[in-house]
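> Provided herewith is a single structure, encoded as structure tokens, for subsequent inquiry.
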């Protein structure tokens, strides 16, 4: 039992001796992105941002929606921490994996089949049967373009043209 405690204390001491005293944190207050270090922050590449405190220990990288990104160094000597920040705020993105793609293809096929079935049902069959008499038409003679109107004297305006002779 004592050997396991001694071994665990030895492992803990070995790990703690490797800890770097510089701490580089990424803070996200509200909709902003900020870097905080216990020593100075140096920009290697990317979004520069603005110093929040005058001692260069806190840097405001801007809003998350503006996709801040870059590489930053905490410290100035050989024992330094480098942090790469990369934000990607995608408002209109859809993750297209195999399940989503298969679902889109299957729903497209189902919609096409239903549309074809609907067109077949409505346009493929006649709505009713007509009698044979309705298929034949009373045809006029070849010389006649228009069928003459019948004589009627039952309306108010039928007597207006009594003085003029009608061609019969």
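In case you wondered, yes, glycine gets a Cβ from its N, Cα and C as well.
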> Between 103-123, 124-144, 145-165, which stretch does Swiss-Prot give the note transmembrane segment?
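It is 103-123 that Swiss-Prot annotates as transmembrane segment.
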> Which whole-number value in Å describes the distance between the Cα atoms of residue 37 (disulfide bond) and residue 146 (phosphotyrosine)?
100
> Is it possible to get the count of other C-beta atoms within 10 angstroms of the C-beta of residue 56 (N-linked glycosylation site)?
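Neighbour count, Cβ to Cβ under the 10 Å cut-off: 13.
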